[in-house]
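Have a look at the structure below before the remarks.
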Amino acid sequence: MAGSNNSSVITLETTPTWAIAVVCFILITISILIEHVLHLLAKYFNKKRRKSLIQALNNIKSELMLLGFVSLLLTVLQKPIAKICIPKDAAQTFLPCQSLTSDDVEEESKCEQQGKKSLISRAGVQQLQLLIFALAFFHILSCILTFSLGTLKMRRWKFWEAETTTLDYQFSHDPRRFQLIHQTSFGKRHLNFWSEHRFLRFPVCLLRQFYGSVYKVDYLTLRHGFIMAHFAEGTEFDFHKYIRRALDKDFKVVVGISPWIWTFSMLFIFFNANVFHSTYWLPFIPLAMLVVVGTKLQGIITKMCLESNYNSSVVRGNLVVKPDDQFFWFGKPKLLLHLMHFILFQNSFQLAFFTWTTYNYGLNSCFHHKTVDIVTRLVMGVLVHFLCGYVTLPLYALVTQMGTKIKNSVFTDGMISGIRRWQEKAKRKLAKRSNYLLAQNSLDNSLSLNISPSFKTSLDVTSSTDTENDEEIVDGQSQIQQHTEFGSFGGFHLSTFRAAQH
């Protein structure tokens with residue numbers, strides 16, 4: 001740093017200690033308040049027994065810690081990064097703004113002597129820190145707002161779930177009644193002239209998602225098909241609570257930033273160069289992907305109705321749809337979760353980038369060539385969040401449960417812990433029993449050559465007693481299995497639970 005610059009820069013050597021102490025006190029106070037708020041949220045989720053949200057909160061903490069580490073690295077490496085020199089021709093490529101020169105030559109003095117330019121100036125590194133923090137903040141905020149909006153929309157499902165226990169519902173869905181599929185409410189909604197033609201079905205499903213994305217008849221029919229596929233007929237199962245638990249687990253995934261998401265964020269920054277004209281296409285990517293995902297989800301419901309109609313045109317009681325992975329892209333329902341993750345992150349990036357450029361350079365900077373650019377970014381950002389939370393998310397939460405495999409969210413956290421404890425206890429008993437049998441066999445072999453009659457008689461009595469105990473253990477296990485199949489678990493097999501865990 002030159003001597004003239006040293007005289008104009010105020011360092012801590014010439015700053016009052018009380019000013020430094022006040023600033024440190026404010027920063028520490030804000031940090032303690034944020035930590036206390038996160039602690040209260042963890043206690044609230046623990047009280048409500050929503051462990052998935054606690055894990056999501058831990059993901060947020062890990063993300064904030066990672067950003068703090070990145071910020072520390074950028075602060076420490078400001079000067080070394082600024083001393084990295086590149087050719088001037090390379091420094092003029094892929095600029096975000098045309099014909100704009102930097103006024104900050106302080107970090108470029110060494111490179112200027114070599115006829116080169118600095119890779120990133122110190123001021124640029126500081127601005128990059130702000131962009132990373134803005135990106136993480138908007139991503140977390142958008143995920144929370146989107147899932148909150150979707151949960152608010154799905155509150156009506158609680159009343160639909162309660163309706164399934166009423167006498168009117170049981171009478172209208174009496175299993176002794178026979179009717180044609182076209183006569184059911186679900187068939188009237190999905191079996192039309194356009195249903196069997198792909199090119200006609202696509203626009204109908206595209207438009208249908210925007211008005212009443214999840215109808216009551218769709219919820220009740222998919223609920224009945226889910227119960228019939230994974231439980232015994234007549235089982236009382238709260239499908240709404242199951243969806244809420246599954247959505248909590250999905251939120252834990254979406255709120256985090258995985259390595260591939262960071263990779264896409266770097267690509268988004270790269271494509272904001274002026275040569276790509278990203279203003280005209282980048283803000284519309286989240287909306288286009290969201291519309292495609294919503295159309296696919298609506299199409300899955302229609303295909304399930306068509307398959308039921310192909311199997312039998314007459315139904316007994318309520319229409320039964322069969323869950324299957326073949327309805328989803330590449331047979332993977334979880335792919336939709338990653339697409340939702342990508343959509344939310346991309347939209348968060350658009351809002352974060354707009355906020356960052358406005359804060360650093362103002363609304364009249366080269367990043368916003370026209371007023372229409374500002375309006376486009378804001379309208380697209382708000383519209384995607386609204387559609388994702390209020391339209392697509394409830395549809396996603398319902399349809400993704402119709403895969404071949406059931407999720408482990410079917411059990412509450414208490415039931416999962418109890419089953420795991422029972423499994424570990426059974427393993428210990430089996431191991432203890434096998435060790436005892438091995439020891440008994442070795443003892444019999446060692447005493448078979450020379451043994452007294454009285455001692456042999458006592459061994460026979462002991463062996464018979466052990467045999468009776470083993471038979472009692474087998475009988476007890478069979479009783480537990482029968483209780484699992486026909487008792488409190490309502491016919492749910494533990495093998496399904498193991499498959500769901502994997």
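Every residue gets a Cβ built from N, Cα and C, even glycine.
A quick note: this is a predicted structure, and the numbers were derived from the prediction, not measured.
Taken from TrEMBL as is:
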TRANSMEM  18-42  transmembrane segment
TRANSMEM  63-81  transmembrane segment
TRANSMEM  128-149  transmembrane segment
TRANSMEM  251-273  transmembrane segment
TRANSMEM  279-297  transmembrane segment
TRANSMEM  335-354  transmembrane segment
TRANSMEM  374-399  transmembrane segment
CB contact flag for the transmembrane segment (128-149) and the transmembrane segment (279-297), at least three pairs under 8 A: no
Positions on the same chain near the transmembrane segment (374-399), where near means CB under 8 A and six or more residues out: 142, 145-150, 153-154, 209-210, 213-214, 218-219, 222, 243, 246-247, 250, 279, 283-284, 286-287, 290, 293-294, 297-298, 300-301, 336-337, 340, 343-344, 347, 350-351, 354, 363, 368
Beyond the flanks of the transmembrane segment (251-273) by 6 or more, those residues with Cβ under 8 Å of it: 52-53, 55-56, 59-60, 62-63, 94-96, 131, 135-136, 139-140, 143-144, 147, 282, 337, 340-342, 344-346, 349, 353
